[in-house]
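Over in TrEMBL, the protein carries these features:
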ACT_SITE  HIS320  active site, tele-AMP-histidine intermediate
BINDING   GLN104  ATP binding site
DOMAIN    13-338  domain 'RNA 3'-terminal phosphate cyclase'
DOMAIN    184-285  domain 'RNA 3'-terminal phosphate cyclase insert'
Amino acid sequence: MNGDEVEIDGGIMEGGGQILRVSTALSCLLGLPLRVRRIRAGRSQPGLRPQHLSGLEIIRDLCEGKLKGGEIGSTEITFTPGKIKGGTHIADTKTAGSVCLLMQVAMPCVLFAASPSELHLKGGTNAEMAPQIDYTVMVFKPIVEKFNFTFNCDIRKRGYYPQGGGEVVVQMSPVKELSPINLTERGTVTKIYGRAFVAGALPIKLAKDMSAAAVRCIRKEIRDLYINIQPIREPDDQAFGTASGIIVVAETSTGCLLAGSSLGKRGKSSDKVGIEAAEILLRNLKHGGAVDDSLQDQLIIFMALANGVSRVKSGPITLHTQTAIHFAEQLTKAKFTVTKSEEEDPSKDTYIIECQGMGMINSNL
């Protein structure tokens, strides 16, 4: 599919790093040369930040592509992809930039590589404005594997704001094609569990306080379920820096996983951190969707690549999801429709995201 360069406006809709992640991953997969202008135009610091640059560099390395404009602060890049190969690749943000966002950009590509891949992703494991690594392992992984692939995610070291210093190793084997998914039956919540962590100089008491506050908050709405949120102190040799946070996951009778999470910061009480995570979870349970707001947009690229029709029932469509759909449709032959779900219960605000995938085939296998 080599031909004219595709031009992307990086300043529209969500206007952030996600446009870069979706479009460069698809450019790499489809062999489409790409120019992205007005990168992160809507942000207080426009242009590439270290984390976005690391994402571009790992994609470039994965396919021996050519990248122009790849420097911090750059608002325009051109990318010419080559052939996706497996093997070991390292991406290091050298900051607390999220390893989970590096994973988001690289994972679709290595699925269609010629041989197995091992990605060493360095940066922040529990960062603001990005999924925490615990979310990636506890929620994203089991759900995304329904597309018929598996991966291993080894958290070697946790790293936090401001220095980062975390490392996660992801191992994946390529697949011939992705199967479509159907996530439309939410079922009933059968268990609620999670982890509240402290690292570095913080006492375990803070983790216990976060956990207790989250449990109290959930108990007001859900009385009869056992809730198990483990307070954990990260071992000093497995964490770099000082931080605290919590993730709470609800599992349903049909295997759906929905979560809420929050990070501690200076001046924010541990009760508030726990309550925030619990409230996000309760909000996600209330809308009646089968995926939570954080997973919604992460599934779009896989739905676009899959061979067949995928259907996902979600709460209100986030701007991140609308943006992912827009660029997936612009670059692939996938077709998305979003319709309001016909619910018996009018208090539920749910939508069906349906996608006729492009049926990407791995020509290397």
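Residue positions begin at 1 at the first shown residue.
Every residue gets a Cβ built from N, Cα and C, even glycine.
Please treat TrEMBL annotations as automatic predictions, because they have not gone through curation.
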For the domain 'RNA 3'-terminal phosphate cyclase' (13-338), what's the model's average pLDDT?
97
Would you list the DSSP helix, strand and coil counts for the residues of the domain 'RNA 3'-terminal phosphate cyclase insert' (184-285)?
35 helix, 37 strand, 30 coil
Measuring CB to CB from the residue listed as 'ATP binding site', give everything in the same chain under 8 Å that is also at least six residues away in sequence.
ARG21, GLN298
Same chain, 6+ residues apart, C-beta under 8 Å of the C-beta of the residue listed as 'active site, tele-AMP-histidine intermediate', given in sequence order
GLU14, GLN18, GLN296, ASP297
